[in-house]
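Asker: Below is one structure. I have some questions about it.
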Amino acid sequence: MQVSSLNEVKIYSLSCGKSLPEWLSDRKKRALQKKDVDVRRRIELIQDFEMPTVCTTIKVSKDGQYILATGTYKPRVRCYDTYQLSLKFERCLDSEVVTFEILSDDYSKIVFLHNDRYIEFHSQSGFYYKTRIPKFGRDFSYHYPSCDLYFVGASSEVYRLNLEQGRYLNPLQTDAAENNVCDINSVHGLFATGTIEGRVECWDPRTRNRVGLLDCALNSVTADSEINSLPTISALKFNGALTMAVGTTTGQVLLYDLRSDKPLLVKDHQYGLPIKSVHFQDSLDLILSADSRIVKMWNKNSGKIFTSLEPEHDLNDVCLYPNSGMLLTANETPKMGIYYIPVLGPAPRWCSFLDNLTEELEENPESTVYDDYKFVTKKDLENLGLTHLIGSPFLRAYMHGFFMDIRLYHKVKLMVNPFAYEEYRKDKIRQKIEETRAQRVQLKKLPKVNKELALKLIEEEEEKQKSTWKKKVKSLPNILTDDRFKVMFENPDFQVDEESEEFRLLNPLVSKISEKRKKKLRLLEQQELREKEEEEEPEGKPSDAESSESSDDEKAWVEEVRKQRRLLQQEEKVKRQERLKEDQQTVLKPQFYEIKAGEEFRSFKDSATKQKLMNKTLEDRLKIEAKNGTLSVSDTTVGSKQLTFTLKRSEQQKKQQEAEKLHRQERKRLRRSAGHLKSRHKRGRSFH
């Protein structure tokens, strides 16, 4: 619930509160309600009190039990049972509804006016009958004594359809080209229609003759109002036997007594938007007038503002619940508005508990956020290395990105850059220190960025202040003190690159302009001194001197630009020669590709194992690699990541090495020493 106060009148917004994501399970919703106070305190007065896209009109039945609303897309009508606080039924329609009327006390008889000239009748069971009118309709009213429906629209005629006979009657011919709105007085049955020319025509249904004509367009123009176009009638409402309120497309509301052709009061919304609806509140003598931006409540006797209501979204229709302080709005948003104003009256019988709740659940307005989820785009996922999670339960697709659990996001963010929080903390501390320094007594010094430009501006400002002709010239704002250019002297991205080709070519012109400016200042000062001494001498200098001076400046500037261009061409030539020399000294070497560390290539035997490993989450893979000792993560000085993988031996290699080791030990153990054997010379005959 959101509470606002204007002129000490409290307005409770019952449809404002934290919205829960639709894809959350019931268990998570219950857990969120236990944990979050804002979610637990929100009030859902009527269940599913919304439209798929936009709500266009909203009305309450005469018995007060049913609330009917039309909207789009697809075009539909929804009926809500207030006694059950839920949706009773929903019916889809063939086209959008312009307006509708409830003919019975409940929802059993409804008439819809569509934007394709169709008139559709619905009974309690559903669709009953459909017919068409000759022109596009904009509004209609029901005359109970004669059972006639009066339709006005893009025609000068007012079409009459008798529901008792089931046929069209002779239309009423008005003097207007088109008619926008109409209404019937419930006391004496006077029929009034608002025209596109800004007039109101009143007709007697018994004689089918016009009995009055009001020129509201002329009366709506006051001394304070600014009118850019012809005001046309956009809203019309009777109250009692003698009072009528008229709303115009230029944002004025005129209050008339039927016995006079002059308005009793003219109220301007000051927005210049068409008045959409007008309602009377008899208990406090108030009038509720609404345009697409605001609902104003003002006294019909004095015109003094009582209070106003300004929703977040544009308004399409406003309905005041009978004999209560509840206000229903149809907005340019799926959710329909429910507002409770205790000063206007008590809460309706079906929600009498609001009187106690409004005293306990007052809270400040807060924006709707998803506290437990982080919204990330596809580019963010690529930077975090989480693109393989797309399609998994860890990511929920929403608009142009995904929702992910905030705990998982912080965990991955910490693994990608473990020192991000420390850097963020240091930046915040540095900003706080700079803010405290800025509050102290500041000395006149140059900014950190673009010092030369700032010095030039300061010198020019000082020269202007020293000169005596500054009084004749309109003072211009200084760039150094202008907030629009403040970033240019604080952000290093705006530093002027004096080594660039554009600056070097433009620099002679800038320097010559500054020299010319100084010379002109000196000449003007000398000229003013001469004028004081000799008043008869004419102002200025001879034209030939000016032309010679300008020609000399132009020649010097052209020579300087040519010189800078020659220097740039020489530098470019030297750079090309250096690049050519480097290319000649470069020796092409073969490029080798190695397998990832921690893996070995054994044909395609382990493809199933690798596939199973790749299907695991990033957290599980990191745990496995850290456990095996094949992965080590470290940070470099420039803020990037360095990953080191250790090649591990396979099980077959380990077994082979163990077998060789055992074989060597066994050979060593079974080996017999032959050190005791010595060679002896055999005796025999010597050869001669």
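Even glycines carry a Cβ here, placed using N, Cα and C.
The N-acetylmethionine annotation in Swiss-Prot covers Met1 and is backed by a large-scale study or a structure entry. What Swiss-Prot records for Ser25, Ser475, Ser514 is phosphoserine. Sequence annotations record features per position, and here Swiss-Prot assigns repeat 'WD 1' to 44-82. The feature repeat 'WD 5' is assigned by Swiss-Prot to 219-258. Positions annotated as repeat 'WD 6' by Swiss-Prot: 262-300. Residues or ranges marked as coiled coil in Swiss-Prot (evidence: sequence analysis): 423-446, 514-589, 640-673. The feature phosphothreonine is assigned by Swiss-Prot to Thr481, with a large-scale study or a structure entry given as support.
What's the neighbourhood like for these features in this structure?
Answerer: The Cβ of Ser25 (phosphoserine) lies under 8 Å from the Cβ of no residue that is in the same chain and 6 or more residues away along the sequence.
When Cβ-Cβ distances below 8 Å are used as the criterion, the repeat 'WD 1' (44-82) is approached by residues 14-15, 17, 88-97, 99-102, 104-107, 110, 112, 122, 316-317, 319, 321-322, 328-336, 338, 348-351 of the same chain, each at least six residues removed from its ends.
In the predicted model, the repeat 'WD 5' (219-258) shows an average pLDDT of 85.
All protein chains shown were included, and the count of other CB atoms within 10 Å of the CB of Thr481 (phosphothreonine) stands at 10. Under the DSSP three-state reduction, Thr481 (phosphothreonine) is assigned to coil, being neither helix nor strand.
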Asker: For Ser25 (phosphoserine), what is the secondary structure by DSSP, using just helix, strand and coil?
Answerer: coil
Asker: Would you list the DSSP helix, strand and coil counts for the residues of the repeat 'WD 6' (262-300)?
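Answerer: Per-class counts: 0 helix, 21 strand, 18 coil.
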